[in-house]
Amino acid sequence: MATVTIRFLSKPTFLLALLMMMAAAVNQSEAQLSTNFYANSCPNALSTIRNSIRTAISRERRMAASLLRLHFHDCFVHGCDASILLDQSPTITSEKTAPPNDKSARGYELIDAAKARLETICPGVVSCADVLAVAAKEASAYVGGPSWAVKLGRRDSTSAFPDETLTDLPFFKADLQTLIDNFGAKGLSPRDMVALSGAHTLGQAQCFTFRDRIYSNGTDNIIDRGFASTRRRRCPAVGGDDALAAMDLVTPNSFDNNYFRNLVQRKGLLETDQVLFSGGSTDSIVMEYSRSPSRFSADFAAAMIRMGDIQPLTGSAGQIRRICGAVNN
């Protein structure tokens, strides 16, 4: 019969191991986002952000699309860490002037205003990254879109990543597989991708991003000819790169499923819009959303929550920036 040796840890060793286990558990809990993260440290945080954002959108409804896009452009570049909000400085090369954001991303001042209000009631507590996440939800809800419980507890980056904007943000001429791969690299499924693309039911695009599509002289199964003709009125074949056109001609300032109805009719503005309904693997999802506004809304909210989980800084990583455009001194 084999002899079994049982070894007992000495009391000091046991206590040390127990403390290490407890510390690991604490670190693990700190690394998790929570919907009630500020319940004790800043109980009025969410209402403060809500009031600030809704007041701003009531003045300019287009800002709803801008805030959704700002959160998207933040999360896809090095995670949801508010790096997109950092201004140019001797030590920071800003993402704001990187090609995908320059003269395109907007709404920074709205985030700054909401953050300033928070600093008066609970200074140094609420991160700019969390303000961005809540602002996106409030923007959606204000213009008729879904709402959701935002997970909180992100911290802010001390660096910006302008080079990653060129590799990680979807290019407006990307094909379907490239888009699927792009979103997949962030842990998002093709259904998430199609749902998030539905944010293009709001907002406007610059002429240079859709010029090739409307002047392609393609057949009707690529672009509706009447739609192309209408779009050419605001976007000349040469020049006028910054001229704006609504993503959705019908209800450009309301969150609805018209975006998907447009795709079914070959009236997607960007190539990356129409490619979602072009005989590929996402056609069925587009068709589903075009028929069911409730399904689209539910999936959009779920996808926004998943997007907000992309590489957040938590625990002791990063910092809580006092001013969103600059790293703390």
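Including glycine, each Cβ sits where the backbone N, Cα and C put it.
For 1-31, the entry in TrEMBL reads signal peptide.
Annotation comment: TrEMBL describes 32-328 as domain 'Plant heme peroxidase family profile'.
Look at TrEMBL and you will find ARG69 tagged as site 'Transition state stabilizer'. Listed in sequence order, ALA105, GLY107, ALA199, GLY203 are the same-chain residues six or more apart from ARG69 (site 'Transition state stabilizer') with CB atoms under 8 A from its CB.
Under the heading active site, proton acceptor, TrEMBL lists HIS73. The Cβ of HIS73 (active site, proton acceptor) has ILE84, GLU95, PRO100, ASN101, ALA105, THR165, LEU169 as same-chain neighbours under 8 Å, each 6 or more residues away in sequence.
Positions annotated as Ca(2+) 1 binding site by TrEMBL: ASP74, VAL77, GLY79, ASP81, SER83, GLU95.
Among the features that TrEMBL reports, substrate binding site is placed at PRO170. Close to PRO170 (substrate binding site) in the fold, though at least 6 residues off in sequence, lie PHE76, THR178, LEU179, ASN182, PHE183, THR272, each with a CB less than 8 Å from its CB.
For ASP256 (Ca(2+) 2 binding site), the same-chain residues that are 6 or more apart in sequence and have a Cβ closer than 8 Å to its Cβ are GLY144, THR201, PRO293. The Ca(2+) 2 binding site annotation in TrEMBL covers THR201, ASP248, THR251, ASP256.
Apart from ASP74, VAL77, GLY79, ASP81, SER83, GLU95, the residues listed for Ca(2+) 1, the same chain places the Cβ atoms of HIS73, CYS75, PHE76, HIS78, CYS80, ALA82, ILE84, SER157, ALA160, PHE161, GLU164 within 8 Å of the centroid of those Cβ atoms. The Cβ centroid of THR201, ASP248, THR251, ASP256 marks the Ca(2+) 2 site; residues of that chain outside this set whose Cβ lies within 8 Å of it are LEU202, VAL250, PRO252, SER254, PHE255, ASN257, ASN258, TYR259, given in sequence order. All protein chains shown were included, and the count of other CB atoms within 10 Å of the CB of ASP81 (Ca(2+) 1 binding site) stands at 29. Between the alpha carbons (Cα) of VAL77 (Ca(2+) 1 binding site) and THR251 (Ca(2+) 2 binding site) lies a span of roughly 30 Å. Each residue contributes its Cα atom, and for ASP81 (Ca(2+) 1 binding site) and THR251 (Ca(2+) 2 binding site) those atoms are 32 Å apart. Annotation for THR251 (Ca(2+) 2 binding site): spatial neighbours THR201, ASN258, criterion Cβ-Cβ under 8 Å with sequence separation of six or more.
Recorded residues ASP248 (Ca(2+) 2 binding site) and SER83 (Ca(2+) 1 binding site) have their alpha carbons 29 Å apart, per Cα-Cα distance.
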